[in-house]
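Chemist: Structure below; questions to follow.
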Amino acid sequence: MSLFKARDWWSTVLGEKEEFDQGCLCVADVDNSGQDKIIVGSYMGYLRIFNPHPVKPGDEVQAEDLLLEVQLREPILQVEVGKFVSGTEGLHLAVLHCRRLCVYAVSETLGNVEHGNQYQIKLMYEHQLQRTACNMTYGPFGGVKGRDLICIQSMDGMLMLFEQESYAFGRFLPGFLLPGPLTYSSRTDSFITVSSSRQVESYKYQVLAFATDADGRQETVQQKLSSGKKLVVDWILNIGEQALDICIVSFNQAVSSVFVLGERSLFCLKDNGQIRFMKKLDYSPSCFIPYCSVKEGTINTLVGNHSKMLYVYQDITLKWATQLPHVPVSVKVANLQGLKGVIVTLSDSGHLQCSYLGTDPSLFQAPRVDSKEINYEEFNAEMKELQKIIKEATKTQDILPQSEKHRDLIVTAEVSPDLDVESQAIDSEIKAEVVPSVTVKVTMQSKVTAQKPYLAVCVQAPLAVTCDQFTFNDLDPGSSETVVLSVFLKGNFPPSELEGNCVFSCNTPTELNPEGIPKFAQCKFKLPLRLVCFPAQPSKSANHKLTIDTNKPPISFLTIFPDFADPSEDDQANALGFQFLSGSKITLLASKTSQRYRIQSDQLEDLWLITKELTLRLEEHFKKQNCKDFACTFSGSVPLQEYFELIDRHFELRLNAEKFQELLSERAIQFRAIERRLLTRFKDKTPAPLQHLDTLLEGTFREVIALADAAEENQANMFQAFTKLKSATHLVIMLIGLWQKLNADQVAIMEAAFLPLAEDTQELGWEETVDSAISFLLRTCLSKSSKEQALSLSSQLSMPKDTSRLKKNISLFCDRLAKGGRLSLSTETATQQATGVPGGCATIPESDLEERAVVPGSTAVFSHHKHTAKQKSNPAIYRNRHGNYLQEVHVMEVAVCERFV
């Protein structure tokens with residue numbers, strides 16, 4: 001923001017609810033009186049001509065400043081002043097409408113009364129346009145003397161040229177899609193525009209004149225060969241962005257430049273299309289105008305932007321910046337009432353202002369200060385008091401607790417303990433008679449004025465809410481709002497988490513910022529397990545089994561699962577069954593003789609929610625009994641092989657998605673090629689056989705539809721596979737944490753490494769992200785030597801060819817943890833790495849197993865073992881690590897099963 005504001009010389013607001021754009025402003029001597037006038041046209045059809053006079057601050061604009069106001073009943077796209085009437089070199093006004101071009105003469109009639117002179121316009125001629133106009137330019141086309149010709153660009157890319165009262169010819173621009181800014185260069189006698197291909201293109205007038213007539217497309221082949229030739233572009237320059245405006249600057253015969261204002265750049269080109277200089281802009285411009293500079297060889301440019309700023313550049317050097325009261329859509333430089341260099345700006349809502357740069361001289365004189373003696377002791381005491389206040393205010397430890405104690409926004413979510421009596425599920429994919437839903441009550445409180453309050457409620461798919469966005473009226477201080485919504489399971493598979501998040505945002509106004517400062521508050525809520533599953537009969541057999549060890553006697557399921565267990569059935573005290581709404585079953589068993597719990601199911605990912613719920617309810621149960629030493633552990637083998645199968649399934653679907661994308665692209669190219677051939681055949685005046693092109697088009701269309709359906713189905717399967725993969729990943733993280741007794745910080749590091757993405761896309765997938773994170777951990781806190789730390793990681797993530805590297809890194813990660821590695825991202829670890837000691841790995845024992853390659857298919861390697869001397873003395877375990885050891889694990893599982901029975 002500039003320290004200086006544009007000095008208001010004259011300003012007014014045009015009409016009510018009128019719209020204006022770039023071509024609606026023109027400054028010229030339209031009445032041939034020798035003084036500049038301001039001509040403004042609006043999209044409502046009003047034409048106004050002003051002759052501003054300076055007014056004092058606070059005074060209103062005089063009525064005499066408005067010379068003429070007339071409604072033309074059609075939207076005015078552009079106004080220009082030039083020598084448009086034959087037989088005279090006087091200036092006339094050209095007004096461009098959508099389907100009409102009108103040329104008027106503006107004249108002054110001397111008044112006989114005190115009201116002053118009167119202005120009126122007279123229609124000299126008009127042209128009815130056959131095509132919808134976009135913009136126009138004018139100039140001495142072809143080097144004519146004493147008159148200006150007009151060129152209009154239509155919305156479909158046709159240049160229509162008018163030699164004053166008569167229509168000359170029309171030409172279509174090659175490769176046209178959308179119209180761009182258009183201007184004429186008298187020095188090179190060429191038209192310059194910017195196409196939708198983001199290229200500056202120049203066309204010679206002579207080439208346009210001798211090219212094939214755009215209106216004569218019905219002539220014979222002989223006439224085509226003899227009367228015209230193809231329209232060829234003179235030069236092309238690719239600027240890489242859309243252009244907002246083009247101006248030709250030729251203040252003398254030696255210098256001629258083409259200025260192009262892009263979306264983020266300002267270009268200055270030579271006559272032949274070479275770049276003279278360019279300026280990258282760090283803002284979004286809205287309009288510009290070059291004008292003559294006082295320094296020889298340079299050009300000044302005024303550039304307005306959407307932040308209400310006006311910048312003055314001398315070539316590429318910023319010379320001045322000033323603040324405007326509005327966003328300009330058009331800017332001009334005028335000489336008004338003998339004052340040169342007046343800046344005229346127009347906004348899209350009709351704010352017209354004449355201003356100048358600089359500052360007003362201050363006439364204020366400081367009063368004389370009475371001299372008196374200075375009391376240094378009093379000043380020193382005041383200085384100490386101020387320093388004490390500053391020191392107290394800048395204490396870091398006082399900032400965060402204060403914001404926590406005095407929170408301005410509070411949002412809370414209360415989940416109903418019971419399911420809804422009448423289900424609120426909408427469009428659920430579950431094939432069941434009743435899909436359960438639960439009510440969530442969200443309350444928002446504001447201690448300050450909250451403008452534009454907004455609430456968003458998010459749950460992870462396949463969960464869904466009845467309404468996820470809420471808007472409210474402004475909240476007064478101390479007020480609150482409450483909304484009620486329902487959560488239900490929409491997809492036909494279990495979610496990876498039973499949690500939701502509420503985000504409340506608003507703007508709080510302050511003295512310095514009345515529009516408000518953005519603030520937000522959020523809270524999380526936990527959903528009940530009954531929302532996704534219901535009680536079922538326990539199953540004796542299952543493909544996947546997990547055993548959780550505790551240090552306390554087993555608790556009856558009637559106590560910790562009262563919402564699932566039936567008190568009348570005694571057998572549910574130690575065995576409890578769950579069935580997800582998707583159909584899969586999970587069984588929970590409690591040992592009668594040991595302090596163990598078993599969870600078993602046919603699918604690995606289905607174990608996660610029940611295992612998490614079991615540990616949470618056990619912790620809550622013992623916490624109520626004031627038992628602080630309760631702990632859960634895991635001593636079995638981490639199911640990496642089954643986990644790798646889920647990874648391979650997800651990666652296979654990602655590969656299928658790439659194949660579908662390639663096939664769709666090929667079929668789409670084929671479809672467009674057949675369409676072009678058919679259109680060529682249909683446009684031909686002599687009918688020709690289609691040669692089965694219509695049949696080929698229909699077959700290609702069916703292939704495109706079938707491929708799109710298959711890609712959509714694959715996308716749904718990939719999302720379901722990613723949800724299952726997240727559930728299995730949560731389970732693996734939990735088991736590793738219980739196995740190695742990791743603390744909360746170390747578990748958080750694992751979650752950041754294994755669960756970095758909330759959504760999976762083709763551009764950034766789960767496999768490459770997790771592989772990069774685990775590789776970083778293996779080279780830092782889990783590294784064996786300084787050689788591994790010296791290896792650099794790739795800075796770019798791309799989809800791998802297969803998952804072998806990822807599975808190897810996961811296996812190595814578990815192996816390093818099993819041998820004493822610690823997860824840490826602290827500076828202490830970095831210091832150990834700098835001294836050559838592997839960070840966090842000092843306790844890893846040296847053995848022949850360290851260098852042994854890890855087989856991804858072996859899950860027994862990562863069992864929780866303490867390498868005691870007794871175990872090392874038994875060579876049978878380590879000699880056949882992938883054979884006999886698996887057999888021993890199977891024997892141990894059979895023994896555990898017998899204990900549960």
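From the backbone N, Cα and C atoms, a Cβ is placed for every residue, glycine too.
No curator has checked TrEMBL annotations; they are predicted automatically.
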Chemist: From 369-396, 593-620, 761-788, which range did TrEMBL mark with coiled coil?
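Modeler: In TrEMBL, the coiled coil feature sits at 369-396.
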Chemist: Could you give me the DSSP helix, strand and coil counts for the domain 'PTHB1 GAE' (433-525)?
Modeler: 0 helix, 56 strand, 37 coil
Chemist: Counting by DSSP, what is the helix, strand and coil composition of the domain 'PTHB1 hairpin' (638-740)?
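Modeler: Its residues divide into 92 helix, 0 strand, 11 coil.
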Chemist: Counting each residue once, how many in the domain 'PTHB1 platform' (528-635) are helix, strand and coil under DSSP?
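Modeler: For the domain 'PTHB1 platform' (528-635), the helix, strand and coil counts are 29 helix, 31 strand, 48 coil.
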Chemist: Within the domain 'PTHB1 C-terminal helix bundle' (742-817), count helix residues (DSSP H, G, I), strand residues (E, B) and coil residues, in that order.
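Modeler: Residue counts in helix, strand and coil order: 44 helix, 0 strand, 32 coil.
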Chemist: On the 0 to 100 pLDDT scale, where does the domain 'PTHB1 platform' (528-635) sit on average?
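Modeler: Mean per-residue confidence for the domain 'PTHB1 platform' (528-635): 85 out of 100.
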